[in-house]
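**Student:** The following block contains the structure, expressed as structure tokens.
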Amino acid sequence: MQSKFLWIAAASAATAAAQVPARLCGTAQPTMDDLVIAAGLAAEGKDNRRGLHPEDPIVVPTLFHVLAINETVAGGYLTEKSLQDQLDVMNADFGPSNVIFNLTATTRTVNRRWAQDLDEIPMRRALRQGGQETLNIYFMPYVSGYLGYCTFPNFWDAGSDEFIYDGCAVLSDSLPGGSLARYNLGRTATHEIGHWFDLFHTFSGGCGCVGDMIHDTPAMLNATGGCPVGKDTCPDRPGLDPIHNYMDYSDDACMNEFTPGQNFRMRSAWYNIRTK
């Protein structure tokens, strides 16, 4: 299953460059298969906490694939500095979770269709490297109208379309220093990689008992816009909305944490699915 971020320019009389986008979810709730896998990871983790090696860092082989319309920054041809800044944000955000991203290669492809998020499977068959333990991120100037999307882990057959599709697509303008106001600190990649580690949105399930299937993320009815401190959309449930969580939809500057329960889920997904 993939998770997509939809961004829509705010309606105003201002110029397009001055418009501030809103971040909206463009994805259905996790499938039953995703929920079953998440429940299994939770159960496995409770029975085998030591087997998850919490003291050992998870080192993720990572590849950056730059897809561009032409060899200009506006066309998606990102600079080495932008890519390094994005990698630094990823490692800083996941550092407290004891996760390290080791960039093993960067590819650059000028292809108008691929840069516009078309011909996804042929593109990924040409570029994707490694197994399910390898994170392939595709940066492109247009992601079908979204900020990004990624896949949850699953037990796919090597070489299948699902296996080839595994990875994340991220809008070029969302990298640190990009042109997308409020969403240009690199946190789109952080959020999407959370999905790659089997994390759901914090607002999944609303105020229901199951929620995002993480015990220490407070329930929330809907996604967050901006950074509204004190937001509480489930007043009958413990805690305020986790607006600072990377798996909400707050502004990039508002995001700063994963919970211990989310860290545990990521580690469980890594050892029980991604490195199996």
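Cβ coordinates are placed from backbone N, Cα and C, and glycine is handled just like the others.
Pulled the feature table from Swiss-Prot, pasting it below:
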{"type": "ACT_SITE", "residues": "GLU192", "note": "active site"}
{"type": "BINDING", "residues": "HIS191, HIS195", "note": "Zn(2+) binding site"}
{"type": "DISULFID", "residues": "CYS227-CYS254", "note": "disulfide bond"}
{"type": "CARBOHYD", "residues": "ASN70", "note": "N-linked glycosylation site"}
{"type": "CARBOHYD", "residues": "ASN102", "note": "N-linked glycosylation site"}
{"type": "CARBOHYD", "residues": "ASN222", "note": "N-linked glycosylation site"}
{"type": "SIGNAL", "residues": "1-17", "note": "signal peptide"}
**Student:** Quick one: of the recorded positions ASN70, ASN102, ASN222, CYS227, CYS254, which has its CA closest to the CA of HIS191 (Zn(2+) binding site)?
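**Tutor:** Spatially nearest to HIS191 (Zn(2+) binding site) by Cα position is CYS254.
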**Student:** Between the Cα atoms of ASN102 (N-linked glycosylation site) and ASN222 (N-linked glycosylation site), what distance do you get, rounded to the nearest Å?
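**Tutor:** Taking the Cα atoms only, ASN102 (N-linked glycosylation site) lies 34 Å from ASN222 (N-linked glycosylation site).
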**Student:** Is it possible to get the count of other C-beta atoms within 10 angstroms of the C-beta of ASN222 (N-linked glycosylation site)?
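**Tutor:** For ASN222 (N-linked glycosylation site), the count of other Cβ atoms within 10 Å is 15.
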**Student:** Select the most exposed residue of CYS227, CYS254, where exposure means the fewest other Cβ atoms within 10 Å, treating these as the disulfide-bonded residues.
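**Tutor:** Comparing Cβ neighbours within 10 Å for the disulfide-bonded residues CYS227, CYS254, CYS227 has the fewest.
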**Student:** Would you count the other CB atoms within 10 A of the CB of ASN70 (N-linked glycosylation site), including those on all shown protein chains?
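**Tutor:** Summing over all protein chains shown, ASN70 (N-linked glycosylation site) has 13 other Cβ atoms within 10 Å.
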**Student:** Measuring Cα to Cα, how far is GLU192 (active site) from ASN222 (N-linked glycosylation site) in Å?
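**Tutor:** Cα of GLU192 (active site) to Cα of ASN222 (N-linked glycosylation site) measures 18 Å after rounding.
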**Student:** Would you pick out, from the binding-site residues HIS191, HIS195, the residue whose Cβ has the largest number of other Cβ atoms within 10 Å?
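**Tutor:** Answer returned by the neighbour count: HIS191.
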**Student:** Could you measure between HIS195 (Zn(2+) binding site) and ASN222 (N-linked glycosylation site) for me? Cα positions, answer in whole angstrom.
**Tutor:** 18
**Student:** For the recorded positions ASN102, GLU192, which one has the sparsest Cβ surroundings, going by other Cβ atoms within 10 Å?
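**Tutor:** Candidates: the recorded positions ASN102, GLU192. Fewest Cβ atoms within 10 Å: ASN102.
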**Student:** Could you measure between CYS254 (disulfide bond) and ASN222 (N-linked glycosylation site) for me? Cα positions, answer in whole angstrom.
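**Tutor:** ASN222 (N-linked glycosylation site) has its Cα 16 Å from the Cα of CYS254 (disulfide bond).
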